[in-house]
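Here's what Swiss-Prot has on this protein:
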type     : residues : note
TRANSMEM : 41-61    : transmembrane segment
TRANSMEM : 64-84    : transmembrane segment
TRANSMEM : 91-111   : transmembrane segment
TRANSMEM : 125-145  : transmembrane segment
TRANSMEM : 146-166  : transmembrane segment
TRANSMEM : 172-192  : transmembrane segment
TRANSMEM : 204-224  : transmembrane segment
TRANSMEM : 232-252  : transmembrane segment
Amino acid sequence: MNLKPQNNLLTNENIDHVDIPENDIPMSITEHLEELRQRTLFVFLFFLFATTISFTQIKIIVAILQAPAVGIKFLQLAPGEYFFSSIKVAIYCGIVATTPFAVYQVILYILPGLTGKERKIILPLLISSVLLFITGGIFAYFVLAPAALTFLISYGSDIVEPLWSFEQYFDFILLLLLSTGLAFEIPIIQLLLGVSGTFSSSQMIRAWRYIIIIATIAGAILTPSTDPVTQLIMSSAVLLLYFGGIVILLVLKK
């Protein structure tokens, strides 16, 4: 007589449906902290390396950042202004260059403890957040910066000659790139809220009137310039990102 156990939960039929981490190897808290320390050190060393390389190539980077300001002469208004501004630019470049590597280290750290379902959600979100941030920076450089600078240069150009401070210009352009990159993270926030069940896509659609007001305010806050053209472009981009996030949630049926 062939007897088959009736309480075997891990049969060939249902083993594929068991949601457990693929690398389910127990680690002590000390081991977790040691791994976290090592990966943090890797990220810091990569940041130092990227910042150093950026500083050695600062003339090329400065030329790229100056490109949107066509016809503008930059002045050094204080001793060492160019030097300290160069350090600031190199640090910003180091942060941007390190971000993908930092996300990669985060993925390696959390990957062993994730279930198959969690991997399908978290890993694409992490990768998408980096891509969206880079896309936001590119959008700011090729769209927002030229629009803002064209307005600021042309306004009153027949009365005053535009001579700009090197440091103030780079504060302006770097803040514009950073704020736009952060604004492009809106769909990621929406996905997190939708997947967690905090807000549904239908609730986000019903809030469209408030979102228009918020987008207008965000356009004024996130753009370092006060010209209406740049603020309008930024507000429109925020709205498109918001409704794009809703479309993704609708596809996911959230």
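Cβ from N, Cα, C; glycine included.
Non-local neighbours of the transmembrane segment (91-111) in the same chain are 23, 35-36, 39, 42-43, 46-48, 50-52, 54, 61, 119, 122-123, 126-127, 129-130, 133, 137, 174, 178; each lies 6+ residues outside the stretch with a CB under 8 Å from one of its CB atoms. Count of Cβ pairs under 8 Å against the transmembrane segment (204-224): among 41-61, 125-145, 146-166, 232-252, the largest is for 232-252. Panel annotation: around the transmembrane segment (172-192), residues 65, 68, 88-89, 92, 125, 128-129, 132-137, 139-141, 144-145, 148, 199, 204, 218, 222-225, 234, 237-238, 241-242, 244-246, 248-249, 252 of the same chain, lying at least six beyond its termini, place a Cβ under 8 Å from a Cβ of the stretch. Nonlocal intrachain contacts for the transmembrane segment (125-145), taken as residues 6+ away from its ends with a CB within less than 8 angstroms of a stretch CB, comprise 68, 96, 99-100, 103, 106-107, 173, 176-185, 187-188, 191-192, 223, 230, 233-234, 237. If you look at the transmembrane segment (232-252), the same-chain residues 6 or more away from its ends with a CB under 8 A from one of its CBs are 139, 143-144, 147, 180, 183-184, 186-187, 189-191, 194-195, 200-201, 204-205, 211-212, 214-216, 218-219, 222-223.
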